[in-house]
Amino acid sequence: MELIKYLLTATLLITAQCQLIDRSEIEDGGSFNLTCDVSRIGNSNVPPIVTSLYSLTIERTVVSGTQTIAVYSPALFKNFTKTIPDNRPWVIEASGGKSSSADPDLNRATIKLTLYVPDAKCTDAGIYSCNANFPSVGGVSTASRSQNMTSKAKTEDPIINSDHHNGNNPHYSSNPEGQNLTLTCSVLGPKSLVLKWQYRATNGFNLEDYPYTNAIKVANPLPVPGTTCDQYRLESALALIVQSQETLYVCAVLDGNNRVTETNFTIGIQTDQTQEPNTGPSEEPAGANVGAIVGGVIGGLVLIAIIVIVVYFCWYRKRNDDDSGKFGPFLIYQ
C-alpha cells in the first residue's frame, strides 16, 4: 500500500513538473507562466543520442490565429527573437546553450524558454506549444508538446444590499425586532457561480446554511455587455424577519466545490433608545389649549378692571380739585 501511494505521488509530481503552463484555466485579469524545455516536451520524443538542440519555439493558437511568441537558437549565435502582442507587459526570457561553434554545445539539459503573462485576458485562451528542433538523419526533426488553456470571467467582490438599511455602515443595519426585510446578494462573474446563504448569531462560532430555502429567490443570470469574457450578473434575495438577537448573514460565492469569495451583513436590534427622535411639530393636548384660552380671557378682564379703576380715580381727584378752587376765595375774604 505504501508503495502504491509513493508511485501515485511520484506520478503526480512528474505530471505537474512536465506541464507547459502552471494552470489549465485563466481568469480575466489574472496571470500565468509557461516553461519550454526538453523536460516539458518529453525525453522520449527527443532521442537520447541528441545532445544539442537547434532551437526552442513557443507558439500559440488562439481566436485571432496562430502566433509565434519566441524562438531561441543557441547553437551558433544565441539568436533570440520574441513577439509580444499589442506591446503588452509580457516577460520572455531565454537561457542555456553556448555561443561558440568550436565548442560542443551540449545544451539539451540547459536550453530553456520562459513566458510570464501578468495581464491575462480571455482572448489568451487557446493551445500553447513548445517545439524543439534537433539534428537527425534526415536533417532536422521537430518534437513538440501542447497544452490547451481555457478562460473564464473574473469573479468580482460580491455586495449585499438591504431594502431597510439604517445607518452608514455598508455591512451593518439596526432594525426593530419582527421587521420583514430582504437582503440581496449580487456578484459579477462566470455563469457557473452559485450564491449560498449562511448565518449565525454574532456571539456564536459556527456558520449554518440558511434552512428556509423557500425564503431564497435566485434570479436568472444576466450577461454583462462590453466584456471580453462571458461575464454574468448573478443575484440571490433572502427574505427574513429580524430576530431577537444580532445576527450575521454571509453570502458565499461558489464555483463547483470551490468557495471563491464571500461577503457578510449584520442586522442589529433597534431599541427605543436607538430610534431616531421625532423632529416633526409636536401636538399639545386639547385640555392645555382650553386652559390657555380661559386664562387669557381672565387676564384680559382683570386688566380692563384695573384700567377702569385708574380712570375713575383720576376723574374723581380732578373733580375734587375743581370744587376746592371754586369756593376757596369766598372763604378768605369773608
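Even glycines carry a Cβ here, placed using N, Cα and C.
Annotations in TrEMBL come from automatic prediction, not curation.
Model, not experiment: these values are computed from the prediction.
As annotated by TrEMBL, compositional bias 'Polar residues' applies to 167-177. Within the chain carrying the compositional bias 'Polar residues' (167-177), a Cβ under 8 angstroms from the stretch's Cβ atoms is held by residues 160, 242-244, 263-270, 274-275, all 6 or more beyond its ends.
Break the domain 'Ig-like' (10-150) down by DSSP state and the numbers are 21 helix, 64 strand, 56 coil. For 10-150 (among others), the entry in TrEMBL reads domain 'Ig-like'.
Broken down with DSSP, the domain 'Ig-like' (158-268) shows 3 helix, 64 strand, 44 coil. Look at TrEMBL and you will find 158-268 (among others) tagged as domain 'Ig-like'.
For 154-177, the entry in TrEMBL reads region 'Disordered'.
Under the heading signal peptide, TrEMBL lists 1-18.
Regional average pLDDT for the domain 'Ig-like' (10-150) in the model is 86.
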